[in-house]
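> Provided herewith is a single structure, encoded as structure tokens, for subsequent inquiry.
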Amino acid sequence: MAGWIQAQQLQGDALRQMQVLYGQHFPIEVRHYLAQWIESQPWDAIDLDNPQDRAQATQLLEGLVQELQKKAEHQVGEDGFLLKIKLGHYATQLQKTYDRCPLELVRCIRHILYNEQRLVREANNCSSPAGILVDAMSQKHLQINQTFEELRLVTQDTENELKKLQQTQEYFIIQYQESLRIQAQFAQLAQLSPQERLSRETALQQKQVSLEAWLQREAQTLQQYRVELAEKHQKTLQLLRKQQTIILDDELIQWKRRQQLAGNGGPPEGSLDVLQSWCEKLAEIIWQNRQQIRRAEHLCQQLPIPGPVEEMLAEVNATITDIISALVTSTFIIEKQPPQVLKTQTKFAATVRLLVGGKLNVHMNPPQVKATIISEQQAKSLLKNENTRNECSGEILNNCCVMEYHQATGTLSAHFRNMSLKRIKRADRRGAESVTEEKFTVLFESQFSVGSNELVFQVKTLSLPVVVIVHGSQDHNATATVLWDNAFAEPGRVPFAVPDKVLWPQLCEALNMKFKAEVQSNRGLTKENLVFLAQKLFNNSSSHLEDYSGLSVSWSQFNRENLPGWNYTFWQWFDGVMEVLKKHHKPHWNDGAILGFVNKQQAHDLLINKPDGTFLLRFSDSEIGGITIAWKFDSPERNLWNLKPFTTRDFSIRSLADRLGDLSYLIYVFPDRPKDEVFSKYYTPVLAKAVDGYVKPQIKQVVPEFVNASADAGGSSATYMDQAPSPAVCPQAPYNMYPQNPDHVLDQDGEFDLDETMDVARHVEELLRRPMDSLDSRLSPPAGLFTSARGSLS
């Protein structure tokens, strides 16, 4: 009842609009006295196009009538007497009106409730941005549904007019035949006597004059009916075009844009069910009007009357055929896109769908769809209607599929499950363009027969641009091409033109979307992260994001030219960050344990005033996909330390958490979180003791300079010494202590050279898998790789 209470508070034009909703089809008194009952019924749960829901609609009609009768019976007194009669009359009237078509009652009440809600929302003027967005969307959908209701009513009106025209014309033909019969009777008068002939002739002449006058008037009436019907069809087609433009050029294009952004990690494009229901309603109404126009043409051919109608009907017939053609060709879409980075000799899938397949009898003769790969230039020629028949740029295996109709969902679609690109033919490259910048597209084409083969349409649709690679090493640069295209493609572009430059804030949005999707995290790029990226890209030291908002980024800056002073592009560095996080550090990033986007100087500034043992994790500048540890520890030599970066290869040997656990002098995660509180849940569990008599070795992260410090300390309890066993390491029998050689461990820049020792470590790890008594003394590992039982293998 809350809805009706709000509706009663409407004023001015809104109140007048609400009053127009009611009439003999549904009196406003019924809405008022049964407000609570009406608002509690499941009107939206009924599918108006499903005959099986008729029974539920009948129950609602019966319930409405019973509620009215009950309300009438409870009226007492003088005023109640009149209301009792009125409500009883309404109950009878509604029963008679909707008894044969209960679904129309549901349609009527839904229309009323939708418009009431719209008027109330407009009056309230929602103030929140989210509310405005949702309201705007619901408003648009409501407007579409209202237009469909209007189209249904005008189509029903022209159907009634057509029937009236047909009945009038049939009666006219009967009377015309009567006129011919009278003329035949005149010819027979010669056989009668003069007196009888004169008497009969006078009567026949009077009858003929009267009939011819009537025929002349009726001919004009018929012509007027025909013109009025053609004019109504013209108006209907104008409304149909407008509705179709909203659905195909606005709603469907927006869905395709969402699908494109989903390729960059944006939110899913959403279901096609609502769009399909709209397209199917369009198809039904268009087809009904086309059939009406054809019947009108048949009536004109049956009884030709000179006038403008033939030309008008020919025009509306051509118009409605164009409308059907646009609907069928535009609703042949790719529901599931092929991969946009497409590797040769690799299986891939795609799904195409016809959104009107269940309404125009297309599914009665299931069409076959063919997929071919074409170049960007071939796609341009195709859209210009140039002759490109049978031209392609490669060979796709398993590229033909028959569309299937799914009765339960009402969808007509073709699922390509096992396609494979056997070969690709590349075009001549332009300038500095690499093979990973060359764009192709998968062309899907078919032929649809509509309405029992009355109309046949050749349909084609292009996939989003794809970049073809032959080796996994090309994947990263190909992804950059796809990212740029998906993010910055403009509506209605020539294939596959994109801006060469975009504003930095636009690129930030695309990077953040891709980052969250790849890392599968809600923790996106912060303002500080974006400042760091801007500093890196523009080689600028400003720490204010606003300073970069007006700067443009070219494609060359993004992934063609190396960053100043480095041997990689901006995208290659950023992609390496995403890859290492995705493969190894998603939980640590989500926990906020990885600061990441800070350079060495910024790390120094953050740590300099922190207690010894405070550390942070940042992405390496020198190594793509590298993560380095920076920590504070005062010593005579220095007070800030940086380890040589770890990469994906290193983390596949020993996890980040275990490496941090090995280094006991790392105590606090910046700014002040205890290390074990953050990382202990990710430590590898301690292995059970061996049962075969052998002690199992463990790999342990060691920083040799700190091990030296530990040995020099002679057992002191300083927290920076690497004295405690790793959380993942069991105490083991002591080994001989080898002297450490730190000469190449910390470089001049204060970073540990992991690459120089990792191969040796792997070799020793392999040796340690053998029984200890079988190792020849000649296989002793190099100096500096073993520590005591408190240490471990580096």
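Yeah, the Cβs are placed from backbone N, Cα and C, and that goes for glycine too.
Taken from Swiss-Prot, the feature phosphotyrosine applies to TYR90, TYR682, TYR694. The phosphoserine annotation in Swiss-Prot covers SER128, SER193, SER780. Summarising the annotation, Swiss-Prot assigns domain 'SH2' to 589-686 and lists sequence analysis as the type of evidence. Swiss-Prot lists 773-794 with the feature region 'Disordered'.
If you look at the structure here, what lies around each of the features I listed?
In the three-state DSSP scheme, TYR90 (phosphotyrosine) is classed as helix.
Non-local neighbourhood of TYR682 (phosphotyrosine): PRO587, HIS588, SER655, LEU656, ALA657, each in the same chain, at least six residues away, with C-beta under 8 Å from its C-beta. In the three-state DSSP classification, TYR682 (phosphotyrosine) falls within a helix.
In the three-state DSSP scheme, TYR694 (phosphotyrosine) is classed as coil.
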> Round to the nearest Å and give the CA-to-CA distance linking TYR694 (phosphotyrosine) with TYR90 (phosphotyrosine).
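Rounded to a whole number, the Cα-Cα distance is 95 Å.
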> I'd like to know which of these modified residues, TYR90, TYR694, is least surrounded, judged by other CB atoms within 10 A.
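Among the modified residues TYR90, TYR694, the sparsest Cβ neighbourhood within 10 Å belongs to TYR694.
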> Considering every residue in the domain 'SH2' (589-686), what is the mean pLDDT value?
91
